[in-house]
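I have placed the structure first, in the form of structure tokens, so that the comments after it can refer back to it.
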Amino acid sequence: MGKGGEDLRDKHSETLKSDPFHAWAKDVRECEEKFGVSCERGLTTEEVLKRHHIYGLNELEKPEGTSIFKLILEQFNDTLVRILLAAAVISFVLAFVDGEEGGEMGITAFVEPLVIFLILIVNAVVGIWQETNAEKALEALKEIQSQQATVVRDGNRVSSLPAKELVPGDIVELRVGDKVPADMRVVALISSTLRVEQGSLTGESEAVSKTTKPVEENADIQGKKCMVFAGTTVVNGHCVCLVTDTGMSTEIGRVHSQIQEAAQHEEDTPLKKKLNEFGEALTMIIGLICALVWLINVKYFLSWEYVDGWPRNFKFSFEKCTYYFEIAVALAVAAIPEGLPAVITTCLALGTRKMAQKNALVRKLPSVETLGCTTVICSDKTGTLTTNQMAVSKLVAMGARTGTLRSFSVEGTSFDPRDGEIEDWPAGGRMDANLQMIAKIAAVCNDANVEQSDNQFVTRGMPTEAALKVLVEKMGFPEGTTKASTLADGDVLRCCRLWCELEQRIATLEFDRDRKSMGVMVDSSSGKKLLLVKGAVENVLERSTRIQLLDGSTPELDQYSRDLILQSLHDMSTSALRCLGFAYSDVPSDFATYDGSEDHPAHQQLLNPSNYSSIESNLTFVGFVGLRDPPRKEVRQAIADCRTAGIRVMVITGDNKSTAEAICREIGVFEADEDISSRSLTGKEFMDVGDQKNHLRQTGGLLFSRAEPKHKQEIVRLLKEDGEVVAMTGDGVNDAPALKLADIGVAMGISGTEVAKEASDMVLADDNFSTIVAAVGEGRSIYNNMKAFIRYMISSNIGEVASIFLTAALGIPEGMIPVQLLWVNLVTDGPPATALGFNPPDKDIMKKPPRRSDDSLITPWILFRYMVIGMYVGVATVGVFIIWYTHSSFMGIDLSQDGHSLVSYSQLANWGQCSSWEGFKASPFTAGSQTFSFESNPCEYFHQGKIKASTLSLSVLVAIEMFNSLNALSEDGSLVTMPPWVNPWLLLAMAVSFGLHFVILYVPFLAQVFGIVPLNLNEWLLVLAVSLPVILIDEVLKFVGRLTSGYRYSTRTAKQKTE
């Protein structure tokens, strides 16, 4: 090539990337000029190298992952975790400061910070594991891309070039079965037709015919009939294309970018938000209580004298200061329910197992809880509400006389020939001549196949043709046929095989867009050669001159019969049925001796498709069928259940408007005679609406047809901005960005692409819309149970805080040490809280409206209840500590058996001044096999000697929390109406928790670590006497709650309406 040619190529390479070029709106010659290529020779090697430098490889980019260091830091971006971390660091420092003492207290001091650190590490590891597993959707997209391509370069045909080496301007050849390697402009059809299955990208239910003719510049993806897109599949035909976009510039590349963008906007679940808010509130409360405790006790570690009205001679006690530091740490440990993350994870994991039994496979644990407050389900149509398997639903045959028609309804929604029957069908295979001819044409003029793979029926070829073969199987064998025995009993298409044996195909007249029909010449068992034709009803009818009646006679096709057939066709088309007509004739005289041989003189006519219309003329019309992608049987009831549960259903599909509207009316999204002009819009029409949010706020169902991925994302984004909790269903690549953006992305397990599954939060194993509704019910039940155990754990923590606060406020010795509180929060509270996750669901759970995502986890009334319970826990734990020191008996229970000394309350409250008391002595006392003696230092009675009183306090705390778990069975229901045995797991959990408490009490090494001693029978009676009233107190509060529930609910509703 000359220098001028090289300059021209350079110019093309420079301008291609910067200048947007709408190849679909330009003719082939303009496209060749723009990309500097000829279809015959392709690009030169030199030009390919230049374009590789500009465009890079034809592959999708891999986004930069979050570094492991950043992931670790993110795990500590939580208020409760930070408080715990601070508590652990402070207690570690204090353990070092107190280290010189050694012995038992040294061991105890180090156990506490180590346990806290262990909790934080486990929490971080689980968090990081979930994060690293979340972003596989982009990898799955790469698998959709074609691996190899047939390309023309330097005038030569390269048959297996790696697809990633393609550049814009490459000339690519596509055949049946090929996966399209890039976005390309169709420049030449080698076969008469080209059809591409692009449903996974656009949502269309049928393969799309492609052309070389340009279309409008503003056409949507479905309207770009002269373009083929990366990741789609050629199902029929042979063509030459010109690559226009590669890698991230393709439509699938845009989907890739949208998934990345949606991943950036992932939000916390409603529960996570509530817990974060609770954590922040808790931080303030802990801060206030710590400050208050310090203010109350400042006199113990800081004193001064007033000289001339001014404070002087300050005295500071470091030992006392560190002691109150320890109390602050104890407060932090007491206030935070450390076991909560573990219990929530366990409950969600159990929920996922329940859902898996209902065919809903949960990929991300928090989505279980989010499901419970779903307010809108945005559903794809094809493959979700429908079966994505074309099926014949109506068969129209000719009547017994001219001007009459017979209509048969066909049941079934899949490619399984046993799925449904034909209503009012002649029994015993007594098909008349007209019905036999319909079966013959449907079976023989057909290139599809249906196979059974495991329990699934899969099609090879066009779904519409496969549906016709299934119809033939439902029609059965004609009476008197004897060849049936020669066919294998396991054959799915036995009848079709029979017809193909009886009618041997000798030539095929391929379908083309002009005549809109397909024909086959057959050597019939009757001895004649016939032409069998199927195609668009209007076109076949136009070329027909006769009709075949029920008895096989063929009178002329008069105008009345023609109008009758067209009217019936119109009625079926308005019901969104795709209609195909059947006709036949004797072969033209030129073909009377034709046997399929290429040497026959008439064979030349078959090589030119322009002759097909004249060959398929003077036909005899025999009938027609209506096909559709039918709705799933259970969907209508599921949508009715959604309406009852206060969940709105919106259908968002890439399919055409009329088909989508008909399906929506049939499944109950719209009523049969409802005016839906304002409820049914195309994606483009919706984008042009002035107030989009107001449109989405309409009550009842909505439909968006011809929707592109960007439309789906925009709808989901607007709904979320409006405070809705959105579940989005889908199965195609085009659904992935919206699945990622939605609060709950639900992918189809059978028909869904890997991209959709990886972008989703939940996968439906049975592709069934009704499974989502069942999962929502399960999600609501799980949330209610989680609410029960969150309240239970928080109420327990309020009790612990009250206990420590009262201890500090009254000035008595510290009743419980932080490691004991950790044990209660983590181990003792854990089993009952988890068991509350097994509470049976309410019977009317799917008859209530969804909860608002901003509903309070803890209402003012619940908070008041738990403050009352918490104060009682505080009084009981501190009270039993005081009782042991000051009383020899309580409620008739003798406490003097161990021989401990009694002191007055005044002495207990001023124990710090013990060294100044004259003549104070403390008797030795026994605990189990141990004896505690205080001869050398009587004041140790308030330090080391408090071990028995501390054990009583801890045991009362454990017992009260076990009884309090019974209170948590129902929010307002009495234990009389909801007895403990409705949840046997809770009774088992209480037994486990008490058992664990006995272990640390009666195993010497553990008792030493936790700073406790064994209790005798009388002391256990005291524990029960102090603990049991918590049930009576909460029963009274529940009774008040039931009396005032109507008032509280109406107040809250009025407030929400005002907002």
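In case you wondered, yes, glycine gets a Cβ from its N, Cα and C as well.
Unlike curated entries, TrEMBL annotations are predicted automatically.
According to TrEMBL, the domain 'Cation-transporting P-type ATPase N-terminal' annotation covers 22-96. According to TrEMBL, the feature transmembrane segment maps to 79-97, 109-129, 281-302, 322-350, 789-812, 863-885, 985-1005, 1020-1040.
Within the same chain, the transmembrane segment (1020-1040) packs against the transmembrane segment (863-885): three or more Cβ pairs sit under 8 Å, each pair at least 6 residues apart. Residues 791, 794-796, 798-803, 805-807, 810, 812-813, 815-816, 895, 900, 902-903, 905, 908, 946, 948-950, 952-953, 956-957, 960-961, 964, 967, 1022-1023, 1026-1027, 1029-1030, 1033-1034, 1037, 1041 of the same chain sit 6 or more residues outside the transmembrane segment (863-885) yet have a Cβ under 8 Å from a Cβ within it. Using a Cβ-Cβ cut-off under 8 Å and counting only residues 6 or more beyond its ends in the same chain, the transmembrane segment (281-302) has close neighbours at 79-80, 83, 314-321, 323-324, 327-328, 331-332, 335-336, 801, 804-805, 808-809, 811, 912. Under DSSP, the residues of the domain 'Cation-transporting P-type ATPase N-terminal' (22-96) split into helix, strand and coil as follows: 48 helix, 1 strand, 26 coil.
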